[in-house]
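Novice: Can you keep this structure in mind? I'll have questions shortly.
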Amino acid sequence: MATQPKPILHGYFRSSCSWRVRIAFALKGIEFDQVPVNLIKDGGQQLTDQYKQLNPMQQVPAVHIDGIILSQSLAVIQYLEETRPGPRLLPADPVKRAQVRMVSDIIASGIQPLQNLCVLQKIGAEKAQWAQHFIQRGFEALEPILKETAGKYCIGDEISMADICLVPQVYNADRFKVDVDQFPTIKRLNQTLMELDAFKVSHPSCQPDTPADMRA
């Protein structure tokens, strides 16, 4: 049987959505190749006609896998869950599975898009305050939910898609100077997760297109 080619991740080193996919690959033990798409250089490489053929939304990531191209990080993660063995990213228990999806959607739909680059570029001079406001608002909702669902990780004691979404969002909170000390559950979970190799190797500072002055 022919060996399947490695997946190709087209992404940006500091993109939350690209980072989620990198974490999922690492957790599943999947080797992959990366093609950097710089969201700032040349006015945004995601806006080229060439990249638009990969992802008509002109966002990152785009993942070439199994002969198809997928965009939207949660769709990619759930495809990996359904097609690749390894640690589960969605719990077997239907209640916990629903909670994982709830937390993931709060972050991926309710927080992150409002501090996305294309949004902040439209906001202009007030972009930092805008991002702070919506991350703060989102974390105020997320903290009591995680206080109820968390064990060692976001949902009980198994790493899940919710954890994959949480870590990049905490990184963004730090970037925009949101005081994460206000949210002890979020802070504890993030610290625990960042001790794991899959989250470390996926960090923006470890990516090939990270500018030298951004590396850890």
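Keep in mind that glycine also has a Cβ here, set from the backbone N, Cα and C atoms.
Look at TrEMBL and you will find 5-88 tagged as domain 'GST N-terminal'. Annotated domain 'GST C-terminal' per TrEMBL: 93-212, in sequence order.
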Novice: Per DSSP, what is the residue tally for the domain 'GST C-terminal' (93-212) in helix, strand and coil?
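Specialist: The breakdown for the domain 'GST C-terminal' (93-212) reads 92 helix, 2 strand, 26 coil.
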Novice: What is the average pLDDT across the domain 'GST C-terminal' (93-212)?
Specialist: 94
